[in-house]
Amino acid sequence: MTPTVHTWPILETARTQVLEQGIGLTEDQLVEVLQLPDEALPQALELAHQVRLRHCGEDVEVEGIVSIKTGGCPEDCHFCSQSGLFDSPVRGVWLDIPELVKAAKETAATGATEFCIVAAVRGPDIKLMNQVKFAIGRINEEVDINIACSLGMLTQQQVDQLAGWGVHRYNHNLETARSFFPQVVTTHTYEERLETCAMVKAAGMELCCGALLGMGESLHQRAELAAQLAALEPHEVPLNFLNPRPGTPLENQGLMDGKDALRAIAAFRLAMPRTVLRYAGGRELTLGDLGTREGLLGGINAVIVGNYLTTLGRPATADLSLLVDLNMPIRELQKTL
C-alpha cells in the first residue's frame, strides 16, 4: 500500500500561483511558508527549486567580493564589526589598486562573472570615488569580468558617475524589515537606503539589494522584508545569515536555526520567482555543508565564493565542486561594459 503524502495548502497555492503563473507570494502567504513544520520543509524546498528552474534557468552565477576600505565606518549597524563606534578588533585598512586588480584576477580564475568592490562608509567621499574610478579602469584593462560596487548611500551625482564608469551592478541592502530596522540601525533611516536603491535603478544599473537574517526579527518581519524586497524588484537578492561579531551589539545573538534558514530561502524564492537569489555571508555557520547543498536545491541560484569582508567563507573550490556534483552549470560572462 502506498503511504499517503501529506500536502500543505500554502504549498499547493504556491504551486499554482508562483510556479505556474509566475506571481510571487504575498506577505501573509509568506508567513504561512515560514511557519511550516519541519516535515513540510523538503516539499517547500523542492517547490522553490522547481520555481527557480522554470523562471531563472539551471545555471548559477558566481561572484567574488573585496573590501577597498575596511573598518572605521561612522554608522552604527549593530551587526557590523566595521563600525568605528564599537569595540571591534577590525581596524581601518585601504587596499591599493594593484591589490584590487590581483583580487579581480583571482576571482575571475574561479569562473566568476561578477567582482564587487566594497567600502565600509556611510557614503563615498571624493578620495574613495577616485580610487574606485582608477580601480575600475585598471581592472577593465586586465580582467574580463563585470564590476559591481557597494559604497553605501549615494548622491545623484555619484550614481551618475558610477553608471558612466561602467559599473554593472550596485549593492545596497535593506538588511531587515522596515519595522525592525530602528532596532539595528539608528544613524540613518530605511528611507535613505530606499532612495539610493531607486536612484541606482533609474540610472540603469542592476540593483543588488538583500537581507541579513537572524538578528532577532520575527517570522512576520522576515515575511515583511521579503515582500518589501519583492516590491523593490532588484535584479539580485543576497541572503546573509548573522555571524555574531565580537564587540558589536549583536555579539551574543545566537545563530539562526538551520531549518529556519532553509525555510527562509524557500520563502524568498517563492516571493521573487525571477530574482537572482544569492548565498552570501554566514551560511557556513548557519547551514554547514549539507545545508548549503539543500539551499542550492531549494531556490538559491548564485553564490559568493571565497572570503567575505571580515569573515572567512567556504573555500571557492568547495562551492565549485558542489556545483559540479549537482550538475549546475556556472553562468557565463556577458559583459555589459
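Including glycine, each Cβ sits where the backbone N, Cα and C put it.
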Original post:
Of CYS56, CYS208, CYS209, which does Swiss-Prot put in the [2Fe-2S] cluster site with CYS116, CYS149, ARG278?
Top reply: CYS208
Subject >> Additional residues around [4Fe-4S] cluster, ordered along the sequence, whose Cβ is within 8 Å of the centroid of CYS73, CYS77, CYS80 >> reply: GLU75, ASP76, PHE79, SER81, GLN82, SER83, ALA120
Original post:
How does the model score the domain 'Radical SAM core' (58-283) in terms of mean pLDDT?
Top reply: 94
Original post:
In the same chain, outside CYS116, CYS149, CYS208, ARG278, whose C-beta lies within 8 angstroms of the Cβ mean position for the [2Fe-2S] cluster site?
Top reply: GLU63, ILE65, GLU114, ALA148, SER150, ARG169, TYR170, ASN171, GLU236, PRO238
Original post:
Distance between CYS116 ([2Fe-2S] cluster binding site) and CYS73 ([4Fe-4S] cluster binding site) at the Cα atoms, whole Å?
Top reply: 18
